[in-house]
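Over in TrEMBL, the protein carries these features:
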type    : residues               : note
BINDING : C195, D197, H255, C258 : Zn(2+) binding site
Amino acid sequence: MNFDYRPSICTSNGSLFGFNDNDNKDDMAGFDIHAKAKLILLSLQSPTFMLPISTLKFKPYHWSRCRRAKWPLQKAQDQEHKSLCVRVLTISEKKAKGQQQLLLQKKEDMAKDKYNEAVAELSNLISEKCELQGVAAAKLKQLTAELQSAAQGSDPVERIKTGFLHFRREKFEKDPALYGELAKGQSPKFLVFACSDSRVCPSHILNFQPGEAFVVRNIANMVPPYDQTKYSGMGAAIEYAVLHLKVENILVIGHSCCGGIKGLMSIPDDGTTSSEFIEPWVKICAPAKAKVKSVHSSLTFEEQCHNCEKEAVNVSLGNLLTYPFVREAAAVKKSLVLKGAHYDFVKGSFELWDLDFKISSNTSL
């Protein structure tokens, strides 16, 4: 049997569900209450079991309107105030498809509500209902604190779910024509190499829409030279983008405060490394380090790293031309353009240049 947990507390008229601690808590063991808790009102006639509020971690759902509950507060007081519990409904796997869709829609609708609305409801309830004393008031205050704490923290599963729901609601459902075309295939104009750094998402920075860019991300946005025995994943991405997707532009984007470049610049001159993967990888752009050390030896380490961020982009652009199909498309057929870029998220600037180590054509934005 599947369980859809729907804790219900009435806030519009002060009615609450109250029960003793004699309820069997073992029945609740193993269920992911936090992932499925929904603060909606249930019919008192529905098949239910009880769960103490203290064992629940509620999701950010606003209290629903009290329409069918008629269980007065006195019922809670009659139970010796040992605990305040919530009503939980079990739903069979054999629910009709329409009912399942309705439940899903309810989840989406309730996910739109804010934490502070639920907290405000509870706070008002505690202050306005003088009869809420003792354990009942304490339980509500505890629940308020839990909601406030949940608002500050972040459940990773919830973050993923709410993020997708937002995307589906604000993007997918609002542009069916776009996603209908994407279902048929892709024909991006750009192959983009960007760093894995969480601060430099190319789709966010350049406002790429779905289907516009074929993106490859790695440490320090580096492109290794052509080698069928090494870095085959990178080679496969380049080959697929150029020969099959037939992209018209390749863009390599470096960025400010790059940890990969700092790691490259920190490698001892004797070439010794202390990591299994990072340093061997960033050595791809060792020529950039050598040039910066030679030309800008008087600069501080931070300034050298900044210069190396751009020089490493140029090394990657040069490495792209070691791939025969890239060289043919760019130099012979003229159907492919290679560009370098640098995004400075400290200054909020973006530089773009053509494949020219002298950077003769430079555009600052």
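Glycine residues also receive a Cβ, built from the backbone N, Cα and C atoms like all the rest.
Note that TrEMBL annotation is computational and uncurated.
Sequence-distant neighbours of C258 (Zn(2+) binding site) (same chain, 6+ apart, CB under 8 A from its CB) are C195, D197, A220, C305, E309. DSSP classifies H255 (Zn(2+) binding site) as strand under the three-state reduction.
Using the Cβ center of C195, D197, H255, C258 for Zn(2+), the list of other same-chain residues with Cβ within 8 Å runs, in sequence order, A194, S196, R199, V200, A220, N221, G254, S256, C257, G259, G260, I261, E309, Y343.
Summarising the environment of D197 (Zn(2+) binding site), the number of other Cβ atoms within 10 Å of its Cβ, over all protein chains shown, is 19. There are 24 other CB atoms within 10 A of the CB of C195 (Zn(2+) binding site), with all protein chains counted.
Residue environment of H255 (Zn(2+) binding site) contains 25 other Cβ atoms, counted within 10 Å of its Cβ in all protein chains. Under the DSSP three-state reduction, C195 (Zn(2+) binding site) is assigned to strand.
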